[in-house]
Amino acid sequence: MANQPSAANNNGRRHKSEGPQKHIIAFIFSILLTVIAFAAVAAGEVNETFIYIILIGMAILQVFVQMAFWMHMKDRGHIYPIIGILFGITIAITAVVMAQYWVWW
Amino acid sequence: MSGHSHVDGQLPHEPEKATLEGRNKVLGFWLFLGGETVLFGTLFSAFLALRHQVLDGPTEQELFSLPLVAAATLLLLTSSLTSVFAIQAMHNNQVKAMINWLIITVLLGLGFLGLEIYEFYHYVHEGHGFTTSAFSSSFYTLVGFHGAHVAFGILWISLLIAQVFKKGLNVVTAPKIYVAGMYWHFIDVVWVFIFTVVYLMGKVG
Amino acid sequence: MAHAHAVKRYTGLLDWLTTVDHKKIGILYLFAGFFFFIIGGLEAVLIRIQLWEPMNDFVSAETFNQLLTMHGTTMIFLAAMPMIFALMNAVIPLQIGARDVAFPFVNALGFWTFFFGAVLLNVSWFAGGAPDAGWTSYVPLASPVYSSTHGVDYYVIGLQIAGLGTLIGGINFLVTIINMRAPGMSFMRMPMFTWAAFITSALILFAFPALTVGLVALMFDRLFEANFFDVSQGGNAVLWEHIFWIFGHPEVYILILPAFGIISEVISTFSRKRLFGYSSMVFATVLIGFLGFMVWAHHMFTTGLGPIANALFSIATMLIAVPTGIKIFNWLFTMWGGSIKFTTANLFAVGFVPTFVMGGVTGVMLAAAPADFQYHDSYFVVAHFHYVIVGGLVLGLFSGLFYWWPKMFGRVLNETLGKLFFWLFYIGFHLTFFIQHFLGLMGMPRRVWRYLDGMGFNEMNLISSVGAMLMGLGTIVFIINMIVTGLKPRNASNDPWEDGRTLEWTIPSPPPEYNFAQTPLVRGYDAFWKEKMEGKNAMTPAEPLGPIHMPSPSILPFLMSLGLFIAGFGFMYHNYYIGIGGLVITFGCMFFRSVIDDHGFHIEPEELQDKGVKA
C-alpha cells in the first residue's frame, strides 16, 4: 500500500500506512538525549546546577518526543488527552515544588 | 450497530476507534494516565523531600551504578519502540507482525524487571533496606511502584497476546491492545524521570 | 445478523448485586450514602451530648476521639461523596440524552469498592477501637508510635479502597460527559449540574491519586516499618500535611461544586427563568476547580511555612471568593423577577444562598494568614467548615433529592413533611453552628473532650447541642417522608414540577432501563424548555426507532471489591495468606472480565412498542 507523498495527505484518515521511519527517528533522538544526560553526569566536575539544568532539560525534551510521536499526541482528536495530561503534569509539578520549598526549613 | 458488526469483515484503518466502546476506552485510559501522572508526581515529591535523609545507610553516590541503569534504560526504551511497531502493525492489519512485536516488548520488559530485581537484591546486601532510612523507604516506594507497573504491564500484554491468538484482531480486541500500548509508553515516560531524578541527580549529589 | 444472546435477567437481591444500570447504581449509592449519613449523624449527636455541659462524663476521652474522627471521615467520604455520586448517576446520563454511562461495568465496580471500603472502615468499631487521629490523620499522632492500636490501619485501608471506587467513578463521568452527549448537546448547552459534575469529576481524577500516595506512605509506615513520616529515621511530618491537603483541598471543592450545580438547576426551574449568566457560571465553575488545587497550604498557615508561602496562599485563597461571588449574584438575579414557587426543593436552594455566603465570608477571614493564627484550631474553624459543608453541600443535596426524587423513584416526596423537615433542619443547623463562631472567638479549642466550668462556654454549648437535636429530629422527619412516599402508588408524571427545563423531564419517571427510546435532538440550552416555548411537548428524535444495545449484568464488580475487602484485613493483621487470597480474587475477576467478551443484549423495537413509547 504505497502511497504518494502529498502535503494534503498528512492528516487524512484512509491512507495513513505510516512507515516506521519517524518512530525510528524518535527512538534515535531519545537515545541521544539519554546519552547526553548520562554523559553529563559521568563527566562530573562541572557546576552542579548546570548539570541539573541539562538533566531536567533532556528529560523534558525526551518525554515531549515520546508523547508526541509514540503516544500519538500530535495527531488529530487528542485535545482531551492533551488537557488531561497537561493538567496532571501541572499538579505533579506543584507537588514537586512543594517538596522542594515547603517541607524543610 | 456497535460491538461486533466488523468481526468477520475488513477491519477499519484504526480499529481501536471504530466503535463508541473503543473510543470511550481510549479516552478513559488517557484520563486515567492523567491521574497516574499525579500519582507519580506525588511519589516523586515525597522522594525529593526525603532523598538526603540517608542516616547510617549508604548514600546515593555510593549505591547507584550507572552502567546498570543505562542497561535498564536501553531495554525499556527499546521496548517502547517495539510496542509502537506493534500498534503500527495493527493499523496495517498485520496480525502476525503485531503479535511478534508484542512478544518482543514483553521479553524486553522481563529483562528490565530482572535487572531491577537484581538491583534491589544488591542494594539490600549493601545495607540499603526498605526500613533503613526515610531515603530508602521513599526510594523503594517510588521505584517499586514503577516496577509494579512494569510487572502488571507484562502480565496484561501477555494476556492480550493470548486473546488475539484465540479471538483474532477485531473491534473488541483492538482497543485493548491500543490502550495497553499507551500504558507501556507511559511507563517508559515515567522511567525517563526516574533515571533522571533518582539515579543521575543522585550521582551528582 | 441475529446475535441472539440469551438475556440474563436477575431478580430480587441478585438484581441489585449484579446491576450495571446507572439508575439502579444511583439508588444503591443513595441508600448506602444515606445510611452512613445516619451513622455520622448519630456520632455527631453523641459528640454534642458529651459537650452539652462542662466536665461531662458521658463518653470517655478515647471514645470521644474516635467519635470525632469517624464523624468527619464518615460524613465526607462515606456520606457526602456517595450521595453526590447518587445524584450524578441518576441524573447526568438523562441530562445529556445518553442511554447509559460510558463504562457501566466500571460504574458498578466504583459503587462496590466504595461500599466495601466504607464497611471495612466501620468494622473498626467492633475490632478494638475506631481510628482516633482526626479525619486528617496527622502524623505523628497517626504514627505507629502514638497510635498503636489498629484504628488508624482501618482508616488507611478503608479509605484506600473507597478512594479507588471514587477515582474510577470520576473517570467514568468524565468520559460519559465528553463522549456520550446527544446530538446538538454542545458543551455550552449542558445543564449546570452536568457542568458541575464534569468539573467535580476532573478534580476527583487529579486529587485522589495524591491521597492514594499519602495513604500508601502512611500504610507502609504503620504496617511495614517504613520511615516516610518518622522523624527519628529522617522522615518528615509536614510532608504528610502537604500530601493530605494537596488532595484535601480539592476534595472540599469536589463536595461543593455539585451542590452549586443542583442549586442552579432548582432555582432556575422554580423561578421559571433561564439561569442568569450561564456562561459566567461555567467560567466560575472551571476557575474554582483550578484554583482549588493551588490553595492547599492555607490549612497549614501555623506550621511555619514562612511569610512568602503564607502570603501566596492567602492571596490565592481570597481569589476564590471572586468566582464564588459571581455564582451567588447569578442565583440572586435568576430569582429576581421570576415567578418563584417555594417547593421544598426550592426552600433548600433559597436557604442555601445566605448560609453559604456566611460560610464563604468566614472562609475569607480564615484566609488572612495573620488572623488565622488566632482562629486556628478553635471552634471558629468548626463553625466555618460546617457552614460550607452542611449549609452548602448538605442543603444542596437535600434540595437535589427533593427535586429529582420523582425522577429516581416515580413518586413525589410529601411536601408538608418536606417543609417541616426543612424548617427543623435549617433552624437546627443555624442554632448549632452560628453560636460556635463565638465559642471559637472566645477561645474554645476544637476537638476537646470536655471543658471547665466558668469559662463562659456553658450556655453556648448547650444551645449548640439543642440545635443538633433539632437537626436530628428533622432527619427523622425525612426518613418518615421517604417511608410514607414509598407506600404511595408510583404516579409521578414525566415532568412532575411542570416547569422542567432539561432532558430528564422528557422521559417517564422512573425512566425505562434504556432511558431514551430515541436519542433526542438538542436545539439549545434548556433543551426541553425551548421545545415547550415552541408549543411542543416532546423532543424531536435524532434517530429512527431501532434496536437498543444494553450491557449485561455482572457479579464481577461485587466479587472484585469483596476481594479487596478481604485483602485489606489480611494485610492489616499480617496474615499474608488471606491478604494474597483476597488479591487473587480481585485479579482473577479482572482476568475473567478481560477474557470473556461482554456482548450485552438488544432490546428490539417491537419490545419498545409494547412498553408504550410515547409519541
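Note: Cβ is positioned from N, Cα and C throughout, glycine not excepted.
In TrEMBL this protein carries:
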type	residues	note
DOMAIN	C:10-523	domain 'Cytochrome oxidase subunit I profile'
TRANSMEM	C:27-49	transmembrane segment
TRANSMEM	C:69-92	transmembrane segment
TRANSMEM	C:154-180	transmembrane segment
TRANSMEM	C:192-220	transmembrane segment
TRANSMEM	C:243-263	transmembrane segment
TRANSMEM	C:275-296	transmembrane segment
TRANSMEM	C:345-369	transmembrane segment
TRANSMEM	C:381-405	transmembrane segment
TRANSMEM	C:417-442	transmembrane segment
TRANSMEM	C:462-484	transmembrane segment
TRANSMEM	C:555-572	transmembrane segment
TRANSMEM	C:578-596	transmembrane segment
Any contact, the transmembrane segment (C:243-263) to the transmembrane segment (C:417-442), with at least 3 Cβ pairs under 8 A: no
In contact by Cβ distance (the transmembrane segment (C:154-180), the transmembrane segment (C:345-369); 3 or more pairs under 8 Å): no
Model confidence over the domain 'Cytochrome oxidase subunit I profile' (C:10-523), averaged pLDDT: 95
Segment-segment contact (the transmembrane segment (C:555-572); the transmembrane segment (C:192-220)) at 3 or more Cβ pairs under 8 Å: no
